[in-house]
Amino acid sequence: MTKTTYPGTAYRPILSEQEADRFTLPHYFTRRGHDGHSDTDVWQPTSIEVDPATPWVVGPQVGVDGATHGTVQQAVNAALRAQQDRPCIDIKLLPGIYTGAVYIPADAPPLTLFGTGEQPNDVVIQLALDSMFSPATYRETVNSHGEYQPGDPAWYMYDLCASKQNATIDTICAAVVWSQSDNLQMKNLTVVNALLDSVDGRAHQAVALRTDGDKIQLERVRLIGRQDTFFVNTSNLRNEYVTDRYSRAYIKDSYIEGDVDYVFGRATAVFDRVHFHTVSSRGAKDIHVFAPDSMPWAQYGFLAVSCRFTGDEGFSGGRKAKLGRAWDQGARQTGYQPNKTANGQLVIRDSTIDASYDREQPWGVAATTARPFAGNVDSARNLDDVQFNRLWEYNNIDEV
């Protein structure tokens, strides 16, 4: 085992102890305005508590073991219609496999989905969705039995995608579970985009979970997919990316699997004791774990602390995965523009990284623009210098 040490190299920059002091959970969870001071909002997430006596229970068979609904979306709809100013909603998921999309609208109160199995994989929400689907295929896949109807709480979300006039639905409509609400919590369950290896290694964005709201918490959750597994994002009601604010998320004691950019988005997200497992089975190129698109004025993007990074046997030889790359979202026509284009921010610290990853050059060229990675190793460096990437490590161990 080898420990990474300051200052590293221009291809693999390492933070000093003093620099690393800034990259802690409280800093990531404190939201500030553009000037760094106004509109300060401090979030202090605690362990997820659930109500086992909740009236909304999802099970494989309605009427058995207290199940009131056969699908997760049915339970979400019923709970939102009957909330009657409840401060929060808990939805219990009995062990089973639930096939179908789950959409949670922006105006939902704090909502918790929790599995009652002994392990997170005892409760599975799954569907095969592909960004390359046509709108017609999307409608057939997501709404073949009228799961979404006008007047339903999340109808607008479905309709934004079902009514698209493009040839394909794109990444923004390819999520199995999609929440636009603040204060979403998920505990002890698994979400799978079941497209997996049924497609080739080209671009097939297939999101398991997408979150747009603020103060998102995942605990003992498994997210499984290939490209774009977890979209931890910030957007508006029209399903558009926004650049004037960001959301926060806390992912703890969880497992995330994928191949290309499989943790990505504009939110400020902390991954605490998360196992990231990179797979080669689809034959994809440009394999990266992270692809943040933090705005240049946002000091904090993604933080992975006390995490594990592993890969499958496809990386045991000369082929290696990358830890991540910046996503220069929105700059395909202009190229990277300092202080305008997103400049993804990420710190991986106090974590273990196995031999599946490129030790010499763990960061790839930016998505969208192919901007070459530029690490700042100057002794007087500004960690937010827009002329450089903001992808860092601290106190990690390279496993043999």
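If you go along the chain as it appears here, the first residue is 1 and each next one adds 1.
Cβ coordinates come from backbone N, Cα and C, glycine included.
As written in Swiss-Prot, here are the features:
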ACT_SITE  D228  active site, proton donor
ACT_SITE  D261  active site, nucleophile
BINDING   T171, Q205, R325, W327  substrate binding site
SITE      Q227  site 'Transition state stabilizer'
Among T171, Q205, R325, W327, the record's substrate binders - longest CA distance, Å: 18
Candidates T171, R325, W327, namely the binding-site residues, that fall within 10 Å of D228 (active site, proton donor) by Cα distance: T171
Cβ contacts of Q205 (substrate binding site) (under 8 Å, same chain, 6 or more positions away): D130, S131, D170, T171, A174, Q227, D228
Residues that sit under 8 angstroms from D261 (active site, nucleophile) by C-beta distance, when 6+ apart in the chain: Q227, D228, H288, F290, A291, R325, W327, A367
Which listed residue (T171, Q227) has most other Cβ within 10 Å, given these are recorded positions: Q227
